[in-house]
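Chemist: I am attaching a structure below and will ask some questions about it afterwards.
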Amino acid sequence: MDYYSILGISKTASAEEIKKAYRKLAVKYHPDKNPGDAAAEKRFKEVSEAYEVLSDPQKRDSYDRFGKDGPFAGAGGFGGAGGMGNMEDALRTFMGAFGGEFGGGSFFDGLFGGLGEAFGMRSDPAGARQGASKKVHINLTFEEAAHGVEKELVVSGYKSCETCSGQGAVNPQGIKSCERCKGSGQVVQSRGFFSMASTCPECGGEGRIITDPCSSCRGQGRVKDKRSVHVHIPAGVDSGMRLKMEGYGDAGQNGAPSGDLYVFIDVESHPVFERRGDDLILELPIGFVDAALGMKKEIPTLLKTEGSCRLTVPEGIQSGTILKVRNQGFPNVHGKGRGDLLVRISVETPQNLSEEQKELLRTFASTEKAENFPKKRSFLDKIKGFFSDFTV
């Protein structure tokens with residue numbers, strides 16, 4: 001029996017040509033289209049077996065070099081115990097070949113929008129289940145987010161059972177392969193033209209049955225646990241960011257890997273600084289005299305080594321003006337330098353003045369010139385044409 005002849009293709013056929021030929025023949029000889037036809041059933045098994053081998057690069061190479069008795073053939077050759085020994089295997093191959101067309105892992109998933117899991121279908125025929133991922137929230141001060149910090153978290157979940165090493169049974173002889181599904185965890189049923197796989201009712205999809213369960217985990221292979229996890233928080237994190245710690249979630253079952261731990265960051269606000277990306281904003285209130293004459297002012301920073309820096313405020317500065325102090329902002333979480341410190345000037349008008357202070361201001365006002373207030377002059381010039389009573 002030549003697999004290429006069975007599918008009606010040449011030995012140089014591409015993977016796409018192999019799949020196309022198989023699909024055409026599989027639909028033609030499918031048992032649901034040929035009920036009670038033993039010859040069609042035999043042909044269906046043959047084309048499924050041929051596709052199973054030729055669609056796998058390793059198996060195809062072995063078949064091309066050694067024939068049906070190659071090293072990937074299994075105990076009975078490609079067509080024996082390792083091939084399409086029963087209709088269930090042939091139907092599973094059929095579903096797998098058509099599943100990719102619908103973006104899923106099975107024909108049933110593709111047709112019904114990935115509802116296979118809802119009906120008990122499993123993509124892991126050996127019953128292995130990856131552990132669930134966990135998520136925790138961690139609160140940081142503004143300074144911790146700026147400088148980075150090490151934290152210890154207590155996480156509840158499942159760990160692998162130490163008594164049975166996660167196997168569910170201390171003695172390997174206490175575990176046997178499920179006879180109903182032959183260790184696959186699934187049984188295949190034909191309904192009309194369609195075939196679908198469902199969870200094996202005998203083993204619950206595990207593919208095995210534990211006859212002598214471990215006393216510590218009761219055959220589950222894992223136990224509840226609380227553990228301390230060390231977390232490195234890099235400098236520059238912000239609220240809403242998420243750190244992924246691979247393998248720190250719940251332990252998997254039946255040899256599957258553990259899930260992951262996701263640490264969600266919440267950063268407290270700061271009484272002085274406001275963050276905008278990697279930049280910091282500092283609102284600096286100054287008196288109108290300092291604004292008019294200019295000054296030098298010591299302002300706080302987040303840098304541990306300095307703690308403050310000297311800012312030069314130029315004379316005649318206006319409220320709302322932003323002065324930039326480079327590299328005094330937040331560190332970039334990806335290590336790409338630091339942001340800037342943006343100092344927003346807020347000129348404060350004096351209140352609760354004494355009579356002496358008021359008199360001094362009146363004296364100053366009497367000496368004002370138009371060039372002292374260019375914005376005021378510009379505004380008055382603009383509205384003069386509309387309101388005749390406005391005077392400079």
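Cβ from N, Cα, C; glycine included.
Per Swiss-Prot, the features are:
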type	residues	note
DOMAIN	2-67	domain 'J'
ZN_FING	148-226	zinc finger
REPEAT	161-168	repeat 'CXXCXGXG motif'
BINDING	CYS161, CYS164, CYS214, CYS217	Zn(2+) 1 binding site
REPEAT	178-185	repeat 'CXXCXGXG motif'
BINDING	CYS178, CYS181, CYS200, CYS203	Zn(2+) 2 binding site
REPEAT	200-207	repeat 'CXXCXGXG motif'
REPEAT	214-221	repeat 'CXXCXGXG motif'
Chemist: Under 8 angstroms, Cβ to Cβ: which one of 178-185, 200-207, 214-221 has the largest number of such pairs with the repeat 'CXXCXGXG motif' (161-168)?
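Modeler: Going through each listed stretch, the top one turns out to be 214-221.
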Chemist: Across the repeat 'CXXCXGXG motif' (178-185), what is the average pLDDT of the model, as a whole number?
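Modeler: Mean pLDDT, the repeat 'CXXCXGXG motif' (178-185): 85.
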Chemist: Three-state secondary structure of CYS203 (Zn(2+) 2 binding site) from DSSP?
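Modeler: SS state of CYS203 (Zn(2+) 2 binding site) = coil.
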Chemist: Taking the centroid of the Cβ atoms of CYS161, CYS164, CYS214, CYS217 (Zn(2+) 1 site), which other same-chain residues have Cβ within 8 Å of it?
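Modeler: These residues sit around the Zn(2+) 1 site: GLU162, THR163, SER165, GLY166, GLN167, GLY168, ALA169, VAL170, PRO213, SER215, SER216, ARG218, GLY219, GLN220, GLY221, ARG222, VAL223.
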Chemist: Just to confirm: which same-chain residues, 6+ apart in sequence, have a Cβ under 8 Å from the Cβ of CYS217 (Zn(2+) 1 binding site)?
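Modeler: Listed in sequence order: CYS161, THR163, CYS164, GLY168, VAL223.
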Chemist: Could you measure between CYS200 (Zn(2+) 2 binding site) and CYS214 (Zn(2+) 1 binding site) for me? Cα positions, answer in whole angstrom.
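Modeler: Computed Cα spacing between CYS200 (Zn(2+) 2 binding site) and CYS214 (Zn(2+) 1 binding site) is 23 Å.
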Chemist: Taking the center of the Cβ atoms of CYS178, CYS181, CYS200, CYS203 at the recorded Zn(2+) 2 site, which other residues in this chain have a Cβ no more than 8 Å from that point?
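Modeler: Neighbours found: GLU179, ARG180, LYS182, GLY183, SER184, GLY185, GLN186, VAL187, PRO201, GLU202, GLY204, GLY205, GLU206, GLY207, ARG208, ILE209.
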Chemist: Could you tell me the C-alpha distance between CYS203 (Zn(2+) 2 binding site) and CYS214 (Zn(2+) 1 binding site) in angstrom, no decimals?
Modeler: 17
Chemist: Rounded to an integer, what is the Cα-Cα distance in Å between CYS181 (Zn(2+) 2 binding site) and CYS214 (Zn(2+) 1 binding site)?
Modeler: 23
Chemist: Pull the DSSP breakdown for the repeat 'CXXCXGXG motif' (161-168) and write it out as helix, strand, coil residue counts.
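Modeler: When I sort the residues of the repeat 'CXXCXGXG motif' (161-168) into the three classes, I find 0 helix, 0 strand, 8 coil.
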Chemist: So how many other Cβ atoms are close to CYS178 (Zn(2+) 2 binding site), meaning within 10 Å of its Cβ?
Modeler: 20
Chemist: Whole-number Å distance between the CA of CYS214 (Zn(2+) 1 binding site) and the CA of CYS178 (Zn(2+) 2 binding site)?
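Modeler: On Cα coordinates alone, these residues lie 18 Å apart.
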